[in-house]
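Novice: Below is the structure I would like to discuss, written out as structure tokens.
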Amino acid sequence: MTSLIAQWLHITQDLNSALTRQARFDTLLTTIRDVLNCDSSALLLFEDQHFKPLAINGLAKEVLGRRFSIEQHPRLEAIARAGDIVRFPSESTLPDPYDGLITNHQGKLHVHSCIGLPLLIDDQLIGAITIDALDPNQFDQLKNQELRFISALAAGGLHTALLLEQLETQASLPRESYAEKRTLSNEIIGNSQGMRTLQDQIDAVANTELSVLVMGETGVGKELVANAIHHRSDRASNNLVYLNCAALPESVAESELFGHIKGAFTGAISHRKGKFEQADGGTLFLDEVGELSLELQAKLLRALQYGDIQRVGDDRHIRVNTRIVAATNRVLHEEVKAGRFRADLYHRLSVFPLHVPPLREREEDVILLAGFFAEQVRGKLGLHSVRLSPSLVAELREYHWPGNVRELEHVIKRAAVLAKARTPQMDIELISQDFDIKTPTSPMMPTVAASQAQHEIHSDIGLKQATDAFQKKLILRALESNQGNWAATARQLELDSGNLHRLAKRLGIK
């Protein structure tokens, strides 16, 4: 038996000791670094045709937030398809997913050593380990037998960790794979304490029938939380129906919620199911529920109390089995005190309240999220790599993010577009000059348009143009004072939310 395998047998006991899952993964990669003398390595989970980093060594922290599509990364696709050890020629022209992301090497990886170890359980791919060295001859003496041993050991460790997670968080669920419940489509990025607590709470409530009230500032990801609750529940195979209460005109609100029959009102040319019926057997997500009128709140309360609805114009009652997840950026118990929200409805909705922390309280998650969005925009722009400069990483951590995760997403995407325009290269680095995050204004705010709207209205324009210019100026000022919150802006301007959205589109604000 080779000395390398002997070394691995020696540390197997440490890997299987009572460490946390993350500590086991980190120990695995540290051992790979020490034994193979590599510059970087990563342990990846395979989900939804993507590789998700679980642990890294020698790579920038932002890598943990990235999700690598095998369709867009030929090296990772080769590892996923091979079924055995993959050694890439040192002069391979295939782009490396870690270009610019190895901590002790700046820029594109040219000639270097690269090995991929697929992690298989019963011939099914569950993950991979990637190993890179800047020395093109670093791994020449390694035998495939030795690498297969490492791969088998890592596959067993990863499989055990996934089974333990399934037992801990999904014990009451049916037998389908936990990976089917928790996929990239509803993944919540973040390792901060606040987000770990939130994930635990989602797992606890997902498979119950309790109504959930998701609370948090604009842009924190409340819809993503609702999505996760639905997809981790027994209702995942049925519909998740979305309704933005803030953009719901009062005139059609009842029909949108409960449906109508033919002839119920002018324009009702056929029967139509409302959101409650569309979500029957599934979940209805009521976003910005705090914007509902008191009259509509009373009708919603009745549906929740009795589990049936009436279509507009119909005398019949229709039973529905619909779970409610609601979200708001208002402090609803304060709204109850102010008489703007019904106390009985508040208690019905908030059986299980969840709070999504703002990004300023999640400093350690900022770079993970930045990496996630950088990988997204890389694929959309057709680039080989998008990386964050060290100085930019420091700036992102220090900024207070009034627009939360949504602001970060917009900032990264806008910066990538600017960086691409700055250079013809397919490998770009985002630098401080690509970002405009010096002021507390959210990127949701159309600042250029706001600046233009500040100019005095000229006397030589027509009444309609002058009226439009004044309305635009007023809306932009209200948006800025409310940090981009459209619902709060509608309240300040004393407008119906739906009418405000339509007016904003006509004026070119949205």
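Just so you know, glycine gets a Cβ as well, placed from its N, Cα and C.
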Novice: In Swiss-Prot, one of 206-225, 326-345, 486-505 is tagged DNA-binding region. Which stretch would that be?
Specialist: 486-505
Novice: For the DNA-binding region (486-505), what's the model's average pLDDT?
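Specialist: Across the residues of the DNA-binding region (486-505) the model's pLDDT averages 79 on the 0 to 100 scale.
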Novice: Around Thr283 (ATP binding site), which residues of its chain at least 6 apart sit with Cβ under 8 Å of its Cβ?
Specialist: Ala226, Ile229, His230, Ser233, Arg235, Asn238, Asn239, Leu240, Val241, Thr322, Arg323, Ile324, Val325
Novice: According to DSSP, collapsed to three classes, what secondary structure does Lys222 (ATP binding site) have?
Specialist: helix
Novice: Going by a 10 angstroms cut-off between Cβ atoms, which of the binding-site residues Gly216, Gly219 has the sparsest surroundings?
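Specialist: Counting other Cβ atoms within 10 Å of each of the binding-site residues Gly216, Gly219 gives the minimum at Gly216.
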Novice: Quick check: in three-state DSSP terms, what is Leu286 (ATP binding site)?
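Specialist: SS state of Leu286 (ATP binding site) = strand.
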Novice: How many other Cβ atoms sit within 10 Å of the Cβ of Asp280 (ATP binding site)?
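Specialist: Around the Cβ of Asp280 (ATP binding site), 17 other Cβ atoms lie within 10 Å.
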